[in-house]
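For reference, TrEMBL has these:
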- 56-187: domain 'N-terminal Ras-GEF' (DOMAIN)
- 223-492: domain 'Ras-GEF' (DOMAIN)
- 523-548: region 'Disordered' (REGION)
- 538-548: compositional bias 'Polar residues' (COMPBIAS)
- 576-605: compositional bias 'Low complexity' (COMPBIAS)
- 576-633: region 'Disordered' (REGION)
- 615-624: compositional bias 'Polar residues' (COMPBIAS)
- 641-727: domain 'Ras-associating' (DOMAIN)
Amino acid sequence: TTFQDGGEEVEDGAVYNVTLKKVQIQQAANKGARWLGGEGDQLPPEHTVRQYETSKIRAIKAGTLEKLVENLLTAFGDADFSYISIFLATYRAFASPRAVLELLLDRFGNLETSSQGEVANLNSLESEMVLRAEIASVLRAWLDQCSEDFREPPDYMCLLKLLDYLKNNMPNSDMESRVQNLLKQFQSQEVEAVDGFCNTSSSDLVDGEELDISNPEEFSSFQDHVVAEQLTYMDVMLFRRVVPYHCLGSIWSQRDKKENKNLAPTVRATITQFNAVTKCVISTILGTRELKIQQRAKIIEKWIHIAHECRILKNFSSLRAIISALQSNSIYRLKTTWMCVSKDILLMYEELSDIFSDHDNYLTSRELLMKEATSKFANLDSSEKENQKKSQKRLQLQKNKGVMQGTVPYLGTFLTDLIMLDTALQDYVEGGLINFEKRRREFEVIAQIKLLQSSCNSYCLIPDQKFIQWFRRQRHLTEEESYKLSREAEAAADTNILSPKSQKSMVKRISTLFLGTDVFTPPKEQPLKSSPVGGSSGESTDSASVSSCEFNHSETEDVCVTPISSPEDPLKKISGYSLSSCSPDSSMSTPSSGVSSLPSKGSISDAGSGLDSGSIPSRDSGSVPSGAPKALPVYNRQSEGSCIIRVSMDGLHASVYKSILITNQDRIPDVTQRALLKHNLEPDAVEDYELVQVISEDKELVFPRDANVFYGMNSHVNFDFILRKKA
């Protein structure tokens, strides 16, 4: 089979990509060979005749909503077999379920008026049967793949409209019964709290219980694999409930508006759970003042073992949450405590951290995730023999149980890719047509989420109510509390055992953990002010935001993690590096930071650097072939006259970045207006603000009023800007 680009076809309200598909349909012996009695597959090529057939594949590239809905009925005829799935997974970005249903049923599905409507040639009984079958096929796919679209309490207008249509046009059909059952199911169900596992509010506790600071002895009583299994159980339950369209960049990026406080609840629930795990790690390590250095080191070791168990279970969400907490400012700065962690466990920690290296847009974690997405068990490799032995032993125990494992991803990787796509690609093309090529690109990411959700059905985990109740009872430390306790823990230690080089600042600025369109800058090593770094509870960020991991307890939807990295990691040179040990049989070193940053944080800064080189997977072989797409605009790189910058607001929003696409035609007023809109401020106040590029800690580049931002910016530093009110 060969493919050839057939160009474009333009119709009224639609543009199609055309691909010519050439397929060999027959190979037979030629006339002389047949006279000799030969068969085609037994003869050399010169004695055979090959017959080919060329078919045309039409894939809609852009169109009006009417044309896109009409294409649902004709896509199979055009050999665009994936169109229905792509449309259903992404249409919420440009239309509502009611608008699509009305077009499908009233305009194209009304069999009584179809002969005078869009389908004028359907005037026979046979044609009506074909149309009815096509509509039934679309509706069946809709109910199979996106039944949540019809959950509209308390009226369920779309579901009632669909039921009425089926009664009139397909009475007593299986689909009519199915819709009736779905309506009863929705009406009988109360609104479920999708974050029930990780909500730590007092209303979820049993009468008489109170939130506790972790008791080290109680925490130590849980076996490492039990903790990992229970975290995986909670993550699986939440990830399976994620509604894929909630992850679309155009939807998720709107959640910080006041009217959208209940937007994308399934994604918010995974973020809340991620935060709960991260905060639990911090509270168990810092929550008890009386702990000795060695005891605190043992708790850190236990969490590293738990992270390793999560790796065996292929739970990348809790794995990253634990590693993130250990890399947070308040934990990472416990230098003396880290020196009491054994060398073998530090090596294990480094290997787990390296999974989430930000090199080449988190290529390692992306490749590992796709490699293990459908594998029965984890593929464990370790450069350290002892760790390799333990890993294989634990993995063998899992295999002996005979139960396949699923894979729980770190959702932020996908959210970042979808945000980047939404930022880089236009919603509409020339003529006001909906850009459906953008939706095809988004579906490549959505399809991966669906694949991983299916794999989660393989888990067979039983909830341990004792652990779940303990997990719910944990009182999470605020940013101020964790930083204060961290300083107190270090104050009693002898800080002189560390070399001057290892005392350098290890704090690395990172971009957002979940979406990459906002960035929190970690605090320096100094007492915190009374106000939290993360902002007020009324604020929301354009990502599952990252604070300095001294958590802002009022912002429950922010992933509060600050990774730390060292330019010269002592652990990287462990063979030639030694320090006095805390015990005769344990060797010590500073905590690993082969950790160049947190797990696939999915930050714009990092995602942008490699997005066009593989962060968005290529379309699979079953989809319609097309030419190589243009490189997308990315952060920190000017390419083909465009790039992505990050703009923060001075003052109230000083710690939050928004990503903005600019071209070589954009001047200061244009960029300023878009930045104000992104931050939900009045765009008319352009004249009141000035745009500044951050060159270094003590240098800024101030732009004149009508400057061209693309050509005027310094392209040799980070593309970080501040929008500041004029003096």
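Don't overthink the numbers, they just go from 1 along the chain as shown.
Each Cβ is built from the backbone N, Cα and C atoms, and glycine gets one as well.
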Can you tell me how the residues of the domain 'Ras-associating' (641-727) break down into helix, strand and coil by DSSP?
21 helix, 35 strand, 31 coil
Would you mind giving the whole-number mean pLDDT across the domain 'Ras-GEF' (223-492)?
87
Helix, strand, coil: count each for the residues of the domain 'N-terminal Ras-GEF' (56-187), based on DSSP.
87 helix, 8 strand, 37 coil
